[in-house]
Amino acid sequence: MFEARLVQGSILKKVLEALKDLINEACWDISSSGVNLQSMDSSHVSLVQLTLRSEGFDTYRCDRNLAMGVNLTSMSKILKCAGNEDIITLRAEDNADTLALVFEAPNQEKVSDYEMKLMDLDVEQLGIPEQEYSCVVKMPSGEFARICRDLSHIGDAVVISCAKDGVKFSASGELGNGNIKLSQTSNVDKEEEAVAIEMNEPVQLTFALRYLNFFTKATPLSPTVTLSMSADVPLVVEYKIADMGHLKYYLAPKIEDEEGS
């Protein structure tokens, strides 16, 4: 059987909020090393990859590997019934067609027990090649979310230009254009407020803001976000989940001749 207990249950609630608007259903791969999810979004434009390591859970047991087909909207609805302070336990028998979710209030006086039907999903795993990136920008996640939101009022796409001294986000549309430049910060007291850039060569790429705004729903998971870019390969937007793993989004750049469309 599979059983995982998470004292900080709010992490799971935040993960589902970050996934459910982009993906309708996905296969949760459960193994002794942890929980993994990989899925294209419903329009096959972006890819999501989630890792929650077993040691990040307070207790974790997995007797044999499971592939659980989950409707993320349904799971999100059930998790909304959990309080932010609740301890969440996930439980499934080896060949079960349901996943049990148990929410315990911290004072132990209230226990909620839900059972969610699982789905049969035929999922192909895509190999994501490890690679070096020309530009890696680490910045406050709230700042990235604000930039994507602000520029989506101007246009549908953002041009991200990365140089040694800073990173620039630009958008243009019928009402005009907007540019936001963040300089690399050298002496910030708090690491999560810093803008750090590792650059091998300058990069300028265009991305659909609609998808970036979906990705920024993961902002509550991490105070920082990392953007990894190289010419002609998908952008990686990574949110670290403290002591547990990460949530990565992949988005291919828009090709030059598409930009007018």
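Just so you know, glycine gets a Cβ as well, placed from its N, Cα and C.
For reference, Swiss-Prot has these:
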- K14: N6-acetyllysine (MOD_RES)
- 61-80: DNA-binding region (DNA_BIND)
- K77: N6-acetyllysine (MOD_RES)
- K80: N6-acetyllysine (MOD_RES)
- C135-C162: disulfide bond (DISULFID)
- K164: SUMO2 cross-link (CROSSLNK)
- K164: ubiquitin cross-link (CROSSLNK)
- Y211: phosphotyrosine (MOD_RES)
- K248: N6-acetyllysine (MOD_RES)
- K254: SUMO2 cross-link (CROSSLNK)
Say you check the Cα of K248 (N6-acetyllysine) against those of the recorded positions K14, C135, K164, K254; which is nearest?
K14
Is the residue listed as 'phosphotyrosine' helix, strand or coil when read with DSSP?
helix
What is the separation, in Å, between the Cα atoms of K77 (N6-acetyllysine) and C162 (disulfide bond)?
39
Compute the C-alpha separation of the residue listed as 'phosphotyrosine' from K254 (SUMO2 cross-link), stating it in Å without decimals.
12
In sequence order, the recorded positions (K14, K80, K254) whose C-alpha falls within 10 A of C135 (disulfide bond):
none
DSSP-derived structure type at C162 (disulfide bond), helix or strand or else coil:
strand
